[in-house]
Amino acid sequence: MSSFIVKWVANRFLKDNQLNKLGVEDPYYEYVPLRHDKNGKVTKHKKVARRVPNGISENDITVLLDVRRQAYRYDMWFSLLGMKFGWSNVVGLVPVAGALISNYWSIRIYLLARKLDDGLPLDIQLIFFFNILVDFLLSLIPFVGDLIEIGYKANLRNFLLLEKHLVRVGEKNLGIIREEDVRPGFINDKVQPFVEETIVPGAKKAGGQIRPFVEETIVPGAKLAGAQIKNLVNRNKQPTTAPTTQSTGAVATATLEKDDDTRSIRSLHEHSRRALTSE
């Protein structure tokens, strides 16, 4: 098991992911060897347009070219003093928000890469997320992290991973290699089938069982609680018309009492006047 881990890290993270390089290959051009020395070392190259892998479907070609276009825009769109950088590096200068936007773009590329006819192998998905995580962590380091991020180019690394995978897919379609040799390894042979055949269906089944409980118990309970709270609030409100009615009644009573007193005084005064007149 330990030997497999060492081999997997060496092949996938170091070789395929070019983790031993600060900088990556140009996604639009490649260098073809023209001359070798007596030891077999290449001494001269020729720059040519990068070729699309043979033997892959039209859909896979479309996905590959879309990923390349977006990765180039985000990581190599500009050139300054011989240094290539893209929109991810520009927006990354904005604290926090820039890092979030940049990683949103990277995740969009990952989702696009998953649209291959045969899907994206699990080990490549893990390396995709590893590169996205490294890019995010670098973006949190002011200035120095931004400079390293320019050299790391996470999106272009992910494009090159996708391209190398499609080269193997094309070789499989052309009968050059077997299907099990396209992406050999414990993660793809054992872990990915377990995830797709056991974990994903189990999660869907659990979601189907939880949904009726939520719809039949949680939602009605929440509605009932809301209605009870609403009634309680309405019950605690004091009526605004009662004091006015009471005040009006009090004024009317006071007015009547005042009128009675006035009539009594007038009546007494009238009796006194009549008594004096009769005398």
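Backbone N, Cα and C define each Cβ position, glycine as well.
Between the listed ranges 63-84, 85-106, TrEMBL ties the annotation transmembrane segment to 85-106. Residues 70, 72-79, 131-132, 135-136, 139-140, 142, 146, 149-150, 154-155, 158 of the same chain, all 6+ positions outside the transmembrane segment (85-106), place their C-beta atoms under 8 angstroms from a C-beta of that stretch.
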